[in-house]
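One structure is given here, and the rest of the page talks about it.
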């Protein structure tokens, strides 16, 4: 009776997981194609547009990789792709996750620099071309992964089996043995790295909120009518990025809570699968935020479904 109840719970988790991954893959594909078509038509992209397109591609690869891993996890006997292939998928997922966090942090900073007035001391840091943004992203990515050097030594996580033949990934990689000191050193460095990046997001987000509030007060002084002026594309993009930053921090905190509670529950498979879904939540929701807040994205969707005759 208990085994049947647990099996039904795992089946429900599997359905929820595949639904989350499927929605995320579809949304990121649409967002990435939108930016590719926009580049082909306009032959130019803003720095933030380039970063959003790259973020969509990164999340698409993340979810596809996790889908391949899940296909091996949720098979009745496991080992669908083989040990070496699963190690490669797991390592690729770690790389894409690092690129996602780095691109999100850089996107927040770029939007803050875009909004900053010309008289501001930050104006001189504005990137002049998308190539400058890509170089900054590469630096941030290398910085992020350098504090995760133990993942470059060991490529895949340990596995624990259940009575249903499922395999769930754990966090520690142990292809090469690591001492107690090194494990805790990398844990502390990783925590400091995350605090630095989240702090950078918080500072840039707070700066954007201040600029939006200042602009709103200026508009109230200029416009004496009760009707407020329409928001500019930069303001709409800023609000979307602020929503994205808030959701990223929320999902990061949830991931930390679930990860710490997993040790209390003795690495319970259900708790582990919930953590996987939480860690994929940002990659699934972020494209929906951009699609819903950008007018051109809505028009692109109408054209895609043939509901707009003016496309």
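Cβ coordinates are placed from backbone N, Cα and C, and glycine is handled just like the others.
Curation does not apply to TrEMBL; its annotations are automatic.
As annotated by TrEMBL, domain 'G-protein coupled receptors family 1 profile' applies to 27-290.
The transmembrane segment feature in TrEMBL is assigned to 21-40 (among others). If you look at the transmembrane segment (21-40), the same-chain residues 6 or more away from its ends with a CB under 8 A from one of its CBs are 49-50, 52-53, 56-57, 59-60, 63-64, 66-67, 70, 280, 283-284, 287-288, 290-291, 296-297, 300-301, 304.
According to TrEMBL, the transmembrane segment annotation covers 52-75 (among others). Only residues 6 or more beyond the boundaries of the transmembrane segment (52-75), in the same chain, are considered here, and those with a CB under 8 A from a CB of the stretch are 14, 17-18, 21, 24-25, 28-29, 31-32, 35-36, 39, 45, 81, 86, 89-90, 92-93, 96-97, 99-100, 103-104, 107, 134, 137, 165-169, 276, 280, 282-284, 286-287, 290.
Annotated transmembrane segment per TrEMBL: 95-116 (among others), in sequence order.
As annotated by TrEMBL, transmembrane segment applies to 137-156 (among others).
The annotation transmembrane segment is assigned in TrEMBL to 185-209 (among others).
According to TrEMBL, the feature transmembrane segment maps to 240-260 (among others).
Non-local neighbours of the transmembrane segment (240-260) in the same chain are 48, 104, 107-108, 111, 171, 194, 198, 201-202, 205, 208-209, 271, 274-275, 278-279, 281-282, 285-286, 289-290, 293-294; each lies 6+ residues outside the stretch with a CB under 8 Å from one of its CB atoms.
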